[in-house]
Every structure is written in C-alpha cells, then in structure tokens.
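Everything on this sheet refers to the single structure shown next.
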C-alpha cells in the first residue's frame with residue numbers, strides 16, 4: 001500500500017511538472033512571434049497542449065499549466081504580478097474549456113463525430129479562450145505593458161493566438177492518443193509519401209518561393225485546400241491534423257519572410273492574416289474528417305445491418321424450406337394414407353358386392369327355383385295356396401334382382417374386365433332401366449384410363465353425381481361425358497333438373513360434395529360444381545392425364 005501511494009503521489013507531481021516543461025517549451029516557440037509587449041503572440045501552441053493534457057489526465061495537471069505560463073512570461077520580462085495573472089487566466093480558461101467539453105458536450109477525444117469537432121471549435125477554441133485573453137490582457141494592462149487604447153486589439157490577437165493552439169496543435173495530439181496510425185500496407189505508405197511530397201512542394205510554391213509565390217494575393221492560399229481534402233479522405237484524422245499542422249508551419253515561415261499570399265505591409269497584419277487563414281483551414285479540415293468518419297461509420301453499420309438481415313433471411317428461408325419439406329412430406333404421407341384407405345374401402349365394397357352376388361344372391365336364386373317347383377306342384381294339384389307360392393317366387397326374384405343391382409353398385413365387375421368406359425355405360429343403362437331416366441354416355445375415343453385407382457375414383461364420382469341428380473334435382477335427362485384436352489382429362493355429369501344454388505355449393509359440407517372434392521384431390525385435380533345451360537347441375541372433375549396412384 002505504501003508503494004502504491006508513493007507511485008500515485010510521484011505521478012501526481014510528475015505529470016504537472018512534465019506539462020509545465022512542455023507548456024514552457026511551446027510558449028518559447030510562440031513568443032518568437034510576439035506582436036504586443038513581448039507577451040502577446042498570434043502563435044500560441046501551449047493552449048492546445050494544456051487542453052489535451054487536462055482532457056487526458058484530468059484537473060490534477062492544472063498546477064503545471066499555471067507554472068509553465070508563469071515561467072514563460074517571466075522569461076520575457078513581464079512583471080511578476082502580470083505574469084501571475086496571465087497564469088491564472090490560462091489555467092481558468094483550460095479548466096472552463098475542459099468542463100464544458102466533458103460535462104456539457106460529452107466530448108470524445110477521437111473527434112469521430114461532427115458534434116465533437118463543433119464542441120472543440122465553439123466551446124474550447126472560441127469560448128474558453130476568451131477567458132485567457134480577457135484575464136491576460138487585463139493583467140498586462142494593470143502592469144502597464146499594454147496601454148488602454150490597445151486593449152481591444154490586444155485581446156483579439158491573444159484570442160486568435162489561443163485559437164491556433166486549440167485548432168492546430170490540439171488535434172494531432174488528440175489523434176495520437178486515440179487513433180492507430182493509418183499506414184497499414186506498402187500501397188498506403190507510397191500514397192502517404194506522395195501526399196507528403198505533393199503537399200510540401202505546393203506549400204513551398206504558394207508560401208515560400210519568391211519567384212512564384214504571390215504577395216498579398218489571398219485567394220492563392222486556397223490552392224492548398226485540395227491537399228487537405230486528400231489527406232482527410234484517405235488518411236482520416238491523422239492525415240487531416242498533420243496536413244493542417246504542416247501547412248500552418250509552411251505558411252508562417254513564408255509569411256514572416258514576406259512572401260506568399262498572406263504577406264501584408266506589416267508583420268502584425270501578416271500574422272493576423274495567417275492566423276485567420278489557418279483557423280479557417282483547421283475548422284474546414286476537422287469538420288470534413290469528422291463528417292467522413294460519420295459517413296464511414298454509418299456505412300459500416302448499414303453493411304452490418306444488411307449482413308445481419310441477409311443472415312436472418314437465409315436462416316428464415318432455410319427454416320421455411322425445412323418446414324415446407326416437412327409439410328410436403330406430411331401431405332404426401334396423408335395422400336398415400338388416403339389412397340390406401342380408398343383402396344381398402346373399395347376392396348371392402350368389392351368383397352361385399354361379391355359376397356352379396358355369390359352368396360346371398362345364389363341363395364335367393366336357389367330359393368326361387370325351389371319356390372317355382374313348389375308353385376308348379378301346387379298348381380298341378382290345384383291347391384288353393386298355389387297363388388301364394390307364385391307370389392313368393394316373384395318376391396324372391398325381385399329380391400335377387402335387387403341384390404345383384406346392389407352388388408353391381410358396390411363394385412361393378414365390368415370395371416375390372418372391360419374398363420372404365422364399359423362400367424360407365426352399364427351405370428348409364430342401369431340408371432335408365434331402374435329409374436326410367438334417360439342417361440347417355442359420351443366417351444371420347446382418345447381417353448385412356450389404365451390405372452385401376454383412377455378408374456374406380458372416376459366411377460365413384462359418376463355414381464355419386466347420378467345419385468344426387470336423381471335424389472335432389474328431379475332430373476329427367478342425365479349426360480355423362482369423358483373427354484381429353486391439352487394433357488388434361490375431364491369427367492362431367494350433367495342433368496336438366498332444378499339446378500344447384502352456387503352459394504349452397506360454397507356453404508355445403510355434406511358428405512356427398514365432400515367425397516366428390518376429396519376424390520378429385522386424390523387424382524391431383526379439381527372438382528367444379530355449377531349450374532349448366534339446361535338449368536340443371538354439372539359436376540366436372542378435371543385431372544392430369546398422367547395421374548397415377550402412388551402407394
């Protein structure tokens with residue numbers, strides 16, 4: 001614990017001491033360009049150094065700012081009371097700027113947001129420096145260094161000089177603390193070297209070459225702006241901040257030598273021009289690089305969102321594909337089960353029909369023969385019960401006919417032996433003979449139904465439709481049609497009865513209509529029920545010609 005406290009106390013003393021030395025060194029550079037009283041300079045790097053130090057290390061470095069400022073001003077023979085006042089003003093200005101940036105603007109030293117750059121410009125460079133300028137000039141005024149008539153001019157020059165430190169010196173230091181160097185490949189290194197050579201050459205031609213640099217032609221200085229844009233867009237904060245610093249150095253070198261577009265008739269006016277130009281250039285470059293960083297960040301977030309969205313779409317698509325495959329498999333399984341159930345049902349009907357025909361039908365036939373023989377004997381003997389015996393024979397024969405009709409309805413034998421068309425023809429004939437209703441079959445010659453399951457389903461559809469026509473519509477004519485067109489086959493049963501209400505078709509959940517639709521589905525087709533031109537009802541089953549049963 002003692003060692004930790006010693007290190008903490010040592011650092012608490014070392015950081016302000018180091019800052020005092022840096023502040024003093026920066027002040028010596030700035031005082032070279034002093035314009036009023038040997039203490040007011042339009043070039044003041046310490047304001048930027050002090051701000052960065054306090055943002056990074058906190059208010060504990062405030063004594064270093066005061067010490068560095070006091071020593072720097074005493075070194076140029078500023079009266080000690082005035083130097084102390086200047087030191088207090090510099091410290092208060094840095095404390096105020098740091099407080100405004102951190103507490104009010106939620107400032108981030110990386111300068112990657114436009115709001116951070118604007119906060120640095122407005123709160124630190126423009127507002128915070130007014131404190132040091134006012135307190136410092138007031139101290140010099142009290143010390144007799146600055147006459148009262150020059151107060152406003154001195155204040156403006158002090159303010160511009162402090163702005164130079166905040167806008168030109170502070171950004172490279174902040175970038176150094178928060179950004180990795182941007183040169184990550186040989187190609188980038190070559191581009192950086194090319195930018196450096198181009199920037200140095202153009203800066204020399206604009207600000208330093210006596211034979212080429214203009215004198216006092218201010219717009220010529222704008223020729224350097226494209227290189228600031230190049231540095232900002234290609235090398236981000238490192239490029240922009242270092243380019244502005246390099247241009248500032250080149251510009252003040254040429255301007256103080258009396259060359260370049262910023263040179264004026266007097267050294268003071270030249271430095272004022274230089275300060276104004278550099279401050280505007282720094283504001284432009286910092287805002288440009290922050291805006292570019294925000295654009296890049298927005299694009300990166302957009303790409304990330306797009307990638308996430310695409311991943312979610314892929315996952316959702318894969319999930320839907322799996323679900324769809326499972327659903328298709330389930331539906332296929334259900335269809336296979338339904339086909340098996342239909343086949344089992346038809347086989348059961350077929351077995352029942354044969355049992356009725358071959359079992360009960362044969363028994364009734366035998367009973368009829370015995371009854372006929374009995375009636376013949378009773379008639380020969382003129383027995384009074386001979387008439388009853390004959391009526392019994394007639395009833396037995398009628399019962400046998402009914403059993404044969406039921407057996408044929410349950411499963412027509414002609415469907416297996418002669419095919420669907422023959423079975424439908426027998427159905428039409430039996431309908432006509434039993435119900436005294438005209439029933440006509442028209443089957444196109446190109447219709448071929450080879451699959452037994454397809455055939456029995458079509459037969460059941462025709463059978464159900466005819467039963468409905470006889471039972472509900474009061475039809476006197478029924479037409480059965482079997483057609484083929486464009487790879488599709490159609491079985492239709494039409495009548496001339498009272499017709500069906502279309503709304504009743506939509507509402508109907510009767511077993512008959514349900515069976516019709518279900519059998520159409522088993523064939524992979526559709527079932528249409530509608531009122532026809534004769535005023536009756538048409539039931540039409542349309543299905544693919546290649547429909548086959550799938551076990």
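Please read every residue number as a count from 1 along the shown chain.
Just so it is clear, glycine is given a Cβ too, placed from its N, Cα and C backbone atoms.
Unlike curated records, TrEMBL annotations are generated automatically.
These numbers come from a predicted model, not from an experiment.
As annotated by TrEMBL, coiled coil applies to 292-326. Counting only same-chain residues 6+ beyond the ends of the coiled coil (292-326), those with a CB under 8 A from a CB of the stretch are 111-114, 232-233, 236-237.
Annotation source TrEMBL lists domain 'Histidine kinase' at 458-547. Confidence over the domain 'Histidine kinase' (458-547), given as mean pLDDT on the 0 to 100 scale, stands at 82.
Per TrEMBL, the feature transmembrane segment maps to 20-44 (among others). With a cut-off of 8 Å between Cβ atoms, the residues of this chain six or more beyond the transmembrane segment (20-44) that come close are 50, 53, 63-65, 67-69, 71-73, 75-78, 86, 136-137, 140, 145-146, 150, 153-154, 157-158, 160-162, 164-165, 169, 252, 256, 267-268, 271-272, 274-275.
Within its own chain, the transmembrane segment (78-97) has Cβ neighbours under 8 Å at 37-39, 46-47, 50-51, 54, 59, 62, 65-67, 69-70, 123-124, 127-136, 138-140, 142-145, 162, 166, counting only residues six or more beyond its boundaries. The annotation transmembrane segment is assigned in TrEMBL to 78-97 (among others).
Taken from TrEMBL, the feature transmembrane segment covers 117-146 (among others). Residues 36-40, 47, 51, 78-79, 81-86, 88-90, 92-94, 96-97, 100-101, 104-105, 107, 111, 154-156, 158-159, 162-163, 166-167, 170-171, 279, 283, 286-287, 290 of the same chain lie 6 or more positions beyond the ends of the transmembrane segment (117-146) yet place their CB under 8 Å from a CB of it.
Through the fold, the transmembrane segment (158-177) approaches residues 26, 30, 40-49, 51-52, 55-56, 93, 97, 109-111, 120-121, 124-126, 128-130, 132-133, 136-137, 237-238, 240-242, 244-245, 248, 272, 275-276, 278-279, 282-283, 286 of its own chain, all at least 6 residues removed from its boundaries and within a Cβ separation under 8 Å. The annotation transmembrane segment is assigned in TrEMBL to 158-177 (among others).
Sequence-distant contacts of the transmembrane segment (189-210) (same chain, at least 6 residues past either end, Cβ-Cβ under 8 Å): 182-183, 220-221, 223-224, 227, 230-231, 234-235, 239, 243, 246-247, 250-251, 253-255, 257, 259-262. Annotation source TrEMBL lists transmembrane segment at 189-210 (among others).
Residues of the same chain lying 6 or more positions beyond the ends of the transmembrane segment (216-233) and with a Cβ under 8 Å from any Cβ of it are 195, 198-199, 202-203, 206-207, 239-240, 242-244, 247, 251, 260-264, 273, 277, 281, 284-285, 288-289, 292. Annotated transmembrane segment per TrEMBL: 216-233 (among others), in sequence order.
TrEMBL lists 240-259 (among others) with the feature transmembrane segment. Long-range contacts of the transmembrane segment (240-259) within its own chain (CB-CB distance under 8 A, at least 6 residues past either end) are made by residues 33, 43, 164, 168-169, 171-172, 174-175, 195, 199-200, 203-204, 206-210, 213, 215, 221, 224, 227-228, 231-232, 267, 270-271, 273-274, 277-278, 281-282, 285-286, 288-289.
TrEMBL lists 271-290 (among others) with the feature transmembrane segment. Beyond the ends of the transmembrane segment (271-290), by six or more residues, the same chain brings 33, 35, 42-43, 111-114, 116-118, 120-121, 125, 157, 160-161, 163-164, 167-168, 171, 218, 221, 224-225, 228-229, 231-233, 236-237, 239-241, 243-244, 247-248, 251-252, 255-256, 262-264 to within a C-beta distance below 8 angstroms of the stretch.
Residue counts for the domain 'Histidine kinase' (458-547) under DSSP (helix as H, G, I; strand as E, B; rest coil) come to 34 helix, 31 strand, 25 coil.
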